[in-house]
Amino acid sequence: MTAIRATNLSKRYGKTMAVTDLSFDVDPGRVTGFLGPNGAGKSTTMRMVLGLDHPSGGSVLVDGKPYQELRHPLRKVGALLDAKAVHGGRSARNHLLAIAQSNGIPAARVEEVLELVGLGNVAGRRVGGFSLGMSQRLGIAAALLGDPEILLFDEPVNGLDPDGILWIRTLMRGLAAEGRTVFVSSHLMSEMSQTADHLIVIGKGRLIADTSVPEFIGRSSQGYVLVRSPRLAEVAELVKVGELHTDHLRVTGVSPLEIGTMTARAGLPLEELTFVKPSLEAAYMELTKDSLEYTS
Amino acid sequence: MTDVLRSEWTKIRSVRSTLWTLATTVVLMLGVSALLSASVRSTADGPVPGEQAVIVSLQGASLAALAMAALGVLVISSEYRTGAIRTSLMAVPRRMSLLTGKIVVFTAVSLVVCLLASAGAIGVGLAIFQPASVEAGEVVRSALGSSLYLTACGLFGLGLGTLIRHTPGAIVSAIALILVLPPLTTQLPGEWGRTVSEHFTTNAGALIVSGQSTGSLGPWSGFAVYLVWVAAAMLAGAVLMRRRDA
Ligand SMILES: Nc1ncnc2c1ncn2[C@@H]1O[C@H](COP(=O)(O)OP(=O)(O)OP(=O)(O)O)[C@@H](O)[C@H]1O
Ligand SMILES: [Mg+2]
């Protein structure tokens, strides 16, 4: 069964349409990247999944039910939305204990998750004094408390150092490998390309793509063949479809083998013949360029 | 529901603002009782009767009410201020269960602390006045009345905090409704004005502390009127809490 199902989901704040007619499924056993430029509606969508914001239209189900109908929801769903959204006066341990108790999770589990995220030795400290990295770890500890099958992370690597980023990436991959559902948002394609198996891309609140990572690259741009030759002009004339630059030719839609065969038959020498794969980043930029909320 | 109650108990006992507001309540109750009793005693012509002594010793309740209202406000508004309300609602998505949990835990904590503070204040007052006799029933009724009043003021704060969500806004509203506006309403003209004034928040609610009556209201009917005010704030807050985005 699909873990999260959004159907024609919409959200309006006053005059702003934050999310428009969005439908998608998030499935278990893989990391699903939720990608979109700033202001695309990622956080809004996640808040609707968790029953925090009421949809203006459509619906979203978690494990087949509206979130509000889950008994002990934290045993099914764990989420990290905003790591700094905690009462700064409480200790890490008491913060987690209050969350655990509300869902009938034993207190021993609090110590377990504190160790798991590496906060065991600061458990008694007030969370107001935590660095962003520590807060992020505390937020993840809270998400893991109920040992949930479904996990949502909203921009979990924002503000983290490379060590922290690697840690979260490894954690998410591990959770998905255990068969859990991992739904993680980011506005950076480069980040998602290293973590996600599947991508849901939105722009201006609308669905742009819902595909696997390789498919996403293939769909949006095809890559090109780079050709260099001492007799470049003749090669260009022969291939016809190329785009001639001063020192190279850029060909789309013709394979390197075809170009090589043609030039060999014509007796033209080649200096370089390379297939340039499109980057995920380039594919993403191309897809979302029409839906950027704020363009510099 | 017991899960929610345990969670709310952990929350309320693990922040300093709880300690501070409760300590302020106790200090105000005891301190005002000591100061006022001493001053009344020194200016009184003869011995002060027991009933009068008890009333004087509970005068701190009008200020302590603000400390309790502040705690009531903070129980919910601090979660909105920090954004922790989202974590709470993820854990307890039925919003009325969360609010009920906060109400029950706050009420229990408040009744216990305010009963002790009120009993202490009466003890201080009686020790200073040394009245010839005092009815035990009167002492118990007054201590109970005072703690019920203070708890109702705290719940008023909790209701306003739920409604307004913004700590300073809710605290200012609580001060206005509990302390500032009630005496001003006595300036309202005519029969109608007098009725409004009598029924206005703590004008009605505080009768249970002194055990006195004004016009049509006695201690218990006055307190019931005050509870209607508290319930109205709480209900408005609850309706908005259900409807609004967190
Ligand atoms: N509570 C709110 N009230 C009014 N407008 C809002 C609210 N929350 C979000 N919006 C608006 O809805 C749109 C989507 O915002 P959202 O925070 O969901 O985007 P996002 O994809 O998470 O962006 P980012 O990458 O910057 O986090 C934005 O235009 C934002 O200004
Ligand atoms: Mg966001």
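Along the chain as shown, residues are numbered 1 onward.
Cβ coordinates come from backbone N, Cα and C, glycine included.
What TrEMBL records for this protein:
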TRANSMEM  B:20-40  transmembrane segment
TRANSMEM  B:52-76  transmembrane segment
TRANSMEM  B:103-128  transmembrane segment
TRANSMEM  B:148-164  transmembrane segment
TRANSMEM  B:171-190  transmembrane segment
TRANSMEM  B:223-241  transmembrane segment
Between the transmembrane segment (B:20-40) and the transmembrane segment (B:103-128), are there three or more C-beta pairs closer than 8 Å, counting only pairs 6 or more apart along the chain? yes
Lying 6 or more residues past either end of the transmembrane segment (B:103-128) yet within Cβ distance under 8 Å of it, the residues of that chain are 5, 8-9, 12, 18, 22, 25-26, 29-30, 32-34, 37-38, 41, 50, 53-54, 56-58, 60-61, 64, 68, 71-72, 75, 134, 139, 142-144, 146-148, 150-151, 154-155, 158, 234
Under 8 Å Cβ-Cβ from the transmembrane segment (B:52-76), and at least six residues away from its ends along the same chain, one finds 12, 17-18, 21-22, 24-25, 28-33, 36-37, 40, 85, 99, 102, 106, 110, 114, 117-118, 121-122, 124-126, 129, 131, 134, 138-139, 142, 146, 149-151, 153-162, 165, 167, 170-171, 174-175, 178-179, 202, 206, 209-211
